[in-house]
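Look at TrEMBL and you will find Val65, Asn69, Ser301, Leu401, Ser405 tagged as Na(+) binding site. Annotated compositional bias 'Polar residues' per TrEMBL: 1-13, in sequence order. Sequence annotations record features per position, and here TrEMBL assigns region 'Disordered' to 1-31. The transmembrane segment feature in TrEMBL is assigned to 86-108, 129-154, 217-236, 248-278, 290-312, 332-353, 389-412, 424-446, 466-487, 499-521, 541-563.
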Amino acid sequence: MSSDPSSVENGAQHNKGFDPSPETVSHTKESELDKKLRLKYERINKRPKWDNQLEFLMSCIATSVGLGNVWRFPFVAYQNGGGAFLIPYIIVLIVVGKPMYFLELALGQFSNSNSIKVWSLSPALKGTGYAQAIGGAYIVSYYVSIIALCLYYLAMSFSSTLPWALCDPSWDNCVPSGQSVNASQIQGNATSSAELYFTKVVLRQSKGIDNGIGLPLWDLTLCLLASWLIIFIIVARGIKSTGKASYFLALFPYVIMIILLVRAVTLPGAVNGILFFITPEWSKILEIKVWYAAVTQVFFSLSVCSGALLMFSSYNNFDQNVYRDAMIVTTLDTFTSLLSGFTIFGVLGNLAYELNYDDVSQVIGTGGTSLAFISYPDAIAKSPIVPQLFAVLFFLMMAVLGVGSGVALLSMINTVLLDAFPSVPTTLMSASVCVVAFLIGLVYVTPGGQYILELVDFYGGTFMRLFSAIAETIGVFWIYGLENLTIDIQFMLGRTCSFYWRICWSIITPVLMIVVFFYAMITTERLKFGGTYDYPEAAYIAGNCLQYFGIAMVPIFIIAALWKYRSKSIVETVKTAFRKKPTYGPVDIQKRKEWQEFRANAKHNRQMQRKGWIQHIFIILFRGYQR
């Protein structure tokens, strides 16, 4: 929780009653610094801005409230005992999710930088930004294939009879989803036509990938192409176009969610599913793997540590109230996850009733996208009034949710590349990234595509993001300094950070993530698709390569920074590598001068009040020097 090494900007203003900072540089270096600041200001000033604050808020909602709430959250809860998962999830949301969300919005807005350039606050940890960008690229590679499935179902929803509502004659022990079946008519365990349609007709899913994943399926390939075209159209002009689309992407899904919730809770047996969802198995709460699932779900759902939030907030005006925005989005995200959970588990309860299962946990045997593409379609097929209408609305909603998050992740990659190559037109960069991502995404629309999706999600979308989050918290709060950050936020927003934020940022958030990370690294078993299928050895090797490639960015850039700033003194080398750059801070020249003076006064106040290390740490953790 360092506070002194970078407390005052090089060239800080003199203050009454104390000498200039020892970090004051020579006139020559000041001139070089002024030149760097001027060039940075000119570069940042060319970046677009949100047309209004509401566009930013809507974009954050569209990003965080996505398929992770409808597809991933119910499945993770389902895997971890239903109601037993809710308590760890809500606790993690309060002590990890909200603090991390507010942190990233504040950092991006304060520095006007993307997830990589923001690390001028501690250059040695620049690899953290690259790790997050790589993780975001992994996620968007398979995320759009889920949107493609939504478009496929959307097209099929216009059929005179929903194709998943009836059983094909070749399907054994099949129960038609579009008909109510008397439980006494079913002998043994049966499978709904919605599940069989998804695995046999849509995915044409193979029994494994030991002999390869197969060739891309032409119909799903067209859907994937359409998905990428939609995303390209939205991101082609940068935030000028994404901001306008955010209103529809953020608000439309809620209308459909409420309609489907009403439909789900009125189905026979729905109560049993909802009770399974909200009734905790207390023994599960003590399992670290449940907490690991809660942490990774919060990260996935809120899109923290993916670079997207830093990117969006970097286009804000300096005084945007990101504290308010963070509270709105994180609360709304939780509400949406619970809303989706009630709907999904209401349908699962109905499926258990229809299929004559004793326990809701027995309903779905396969993992991944099954809950979203089996339980919802099953409920829709049972609708007595125009099921096609419900199907069209639902899959349109799913596609919209997916596009909202996909746009954010692609925009993050675009921003990183455009900041590195500012001369390249935004449209050309967007087109290039979309084409490459489409070609990579073809692996997910093969008969073995779902196996690859699970593999990439497990190795690239969860474990690696948790590692980068730990590096981020250590870099910001323990190296840049908790007190330094709170002073920056106070200058930017005019509000002090309470005990809750300070204790979460400095201790609870990083410690909880570190404990969960090491436990997961030690105890996590090999991934099994659907809980039963063992991948071939080459797949596990490939998964680990994806994972450790991103993780390796952090130590590689630390070593590179130590080499770059090497000197005769090892201590000075380390300090220089981890100390913030002179160019870090507000981009606006006048704001920067005010900030330098504000920090110099803060340092003076701290020196006047400080009496010892114990008292110093106590003040930083519980109230701060600036009250």
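In case you wondered, yes, glycine gets a Cβ from its N, Cα and C as well.
Model, not experiment: these values are computed from the prediction.
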Same-chain residues near the transmembrane segment (541-563), Cβ under 8 Å, at least 6 residues beyond its ends: 123-128, 130-131, 134-135, 138, 455-456, 458-460, 463-464, 467-468, 471, 527, 535, 573-574, 577-578
Tertiary contacts of the transmembrane segment (290-312) (same chain, 6+ residues out, Cβ under 8 Å): 56, 59-60, 63-64, 66, 68-69, 72-73, 76, 79-81, 84-85, 88-89, 91-93, 96-97, 100-101, 104-105, 107-108, 113-116, 118, 129, 132-133, 135-136, 139, 239, 284, 329-330, 333, 337, 405, 408-409, 411-412, 415-416, 461-463, 465-466, 468-469, 472, 512-513, 516, 519-520, 524
Seg_contact(the transmembrane segment (466-487), the transmembrane segment (424-446)) with at least 3 CB pairs under 8 angstroms, min sep 6: no
Folded-back contacts onto the transmembrane segment (389-412), same chain, C-beta under 8 angstroms, at least six residues removed: 59, 62-71, 114-115, 133, 136-137, 139-140, 143-144, 146-147, 150-151, 153-154, 156-158, 162, 227, 230-231, 234-235, 238-239, 242, 245-246, 248-250, 252-253, 256-257, 259-260, 263, 303, 306-308, 310-312, 372, 376-377, 380, 383, 430, 433-434, 437
Listed in sequence order, residues not in Val65, Asn69, Ser301, Leu401, Ser405 with Cβ within 8 Å of the centre of the Na(+) site Cβ atoms: Thr63, Ser64, Gly66, Leu67, Gly68, Val70, Asp333, Thr336, Gly404
Selection from 86-108, 129-154, 217-236, the stretch that has most Cβ pairs under 8 A to the transmembrane segment (332-353): 86-108
Chain-internal residues, separated by at least six, CB under 8 A from Leu401 (Na(+) binding site): Val65, Gly66, Leu67, Asn69, Val70, Leu249, Pro253
Cβ contacts of Ser301 (Na(+) binding site) (under 8 Å, same chain, 6 or more positions away): Ser64, Gly66, Gly68, Asn69, Arg72, Phe73, Asp333, Ser337
For the transmembrane segment (86-108), distant same-chain residues with Cβ under 8 A (at least six beyond the ends): 60, 64, 77, 114-115, 118, 121, 277-278, 280, 285, 290-291, 293-295, 297-299, 302, 304-305, 309-314, 316, 322-323, 325-327, 329-330, 334, 337-338, 469, 472-473, 476, 485, 488-489, 492-493, 501, 504-505, 508-509, 512-513
Cβ atoms near Asn69 (Na(+) binding site) (within 10 Å, other residues, all chains): 27
